[in-house]
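Quick look at what Swiss-Prot lists:
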type: CARBOHYD; residues: Asn84; note: N-linked glycosylation site
type: CARBOHYD; residues: Asn109; note: N-linked glycosylation site
type: CARBOHYD; residues: Asn121; note: N-linked glycosylation site
type: TOPO_DOM; residues: 43-51; note: topological domain 'Cytoplasmic'
type: TOPO_DOM; residues: 73-183; note: topological domain 'Extracellular'
type: TOPO_DOM; residues: 228-249; note: topological domain 'Extracellular'
type: TOPO_DOM; residues: 271-320; note: topological domain 'Cytoplasmic'
type: TRANSMEM; residues: 22-42; note: transmembrane segment
type: TRANSMEM; residues: 52-72; note: transmembrane segment
type: TRANSMEM; residues: 184-204; note: transmembrane segment
type: TRANSMEM; residues: 207-227; note: transmembrane segment
type: TRANSMEM; residues: 250-270; note: transmembrane segment
Amino acid sequence: MTAWDGVLPFYPQPRHAASFSVPLLIVILVFLSLAASFLFILPGIRGHSRWFWLVRVLLSLFIGAEIVAVHFSGDWFVGRVWTNTSYKAFSPSRVQVHVGLHVGLAGVNITLRGTPRQQLNETIDYNERFTWRLNEDYTKEYVHALEKGLPDPVLYLAEKFTPSSPCGLYHQYHLAGHYAAATLWVAFCFWIIANALLSMPAPLYGGLALLTTGAFTLFGVFAFASISSVPLCHFRLGSAVLTPYYGASFWLTLATGILSLLLGGAVVILHYTRPSALRSFLDLSVKDCSNQAKGNSPLTLNNPQHEQLKSPDLNITTLL
């Protein structure tokens, strides 16, 4: 046993695959902290409104967390395959590996894991990310991967998404991810506005803001789905073909958009048909919401001059 437990500290260490996205983990922890804080104060809410608040807050946090989290997820378009393929360039050695392709809004993530992991006297476990954000150079990252001598399956898939590739995947995925991310951030802004309006005596406008949230969320899904119009290149890895498909983030965002539309539509419909039930669910007082529910409010003005002359009060009522 050496001083460093058998590790040579002055030489490059074995690669370790990243197990989770740090920004995604931060988003999940933030919204889980908000949910936990609300659950701590939930026993202080009296009566049946406690359960109304529970459903309302948890649904709202779920929608907000999902809209933010999918920006950092790489599961919008995924593909997995087990294959026997070459491992390094200029080498006849072949390995049995599991290859994963994960396309997100900001880039592509390629995983390579040996089955078993120990093959050719080394551990085969790679997780490489290539980004196409506005301030990132995908080609430069790909050239850097070539210089590092990454395995052939990783370089093969990464090359398919380069700007110079005849597949044309880079431009389509780059634009689709850019517009999808932009519309989802707009949806998140309307989600904040909807929560603010639903906490005030303005449930109608809160419902409209929630409808807008769902609309922009679906716009983001449709923007990313536009990639299906591009003929997909065949990803042939050794003896197998990798066939990508829409991943969990895509379907979860689609479900969130539909949920936002349903909730927003329910708020608008209840505002006109069952305003008392809507007030009970939102825990708003009758006095605060009566003016908006009726559509007009009486304004009564007393004339002080008639009181001085001891004449009957003159009430002026104006309907606004």
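Note that the numbers count up from 1, one per residue, in the order the chain is shown.
Just so you know, glycine gets a Cβ as well, placed from its N, Cα and C.
Ranking the glycosylation sites Asn84, Asn109, Asn121 by how many Cβ atoms sit within 10 Å of each one's Cβ puts Asn109 at the top.
Listed stretches 22-42, 184-204, 207-227 were compared with the transmembrane segment (250-270); the greatest number of C-beta pairs under 8 angstroms is found for 207-227. Between the C-alpha atoms of Asn109 (N-linked glycosylation site) and Asn84 (N-linked glycosylation site), the distance comes to 20 Å. In three-state terms derived from DSSP, Asn109 (N-linked glycosylation site) belongs to an extended strand segment. Distant neighbours of the transmembrane segment (22-42): 50, 53-54, 57-58, 61, 64-65, 68-69, 72-73; these residues of the same chain sit at least 6 beyond its ends, with a Cβ under 8 Å from one of its Cβ atoms. In the three-state DSSP reading, Asn84 (N-linked glycosylation site) counts as strand.
The DSSP secondary structure for Asn121 (N-linked glycosylation site) is coil.
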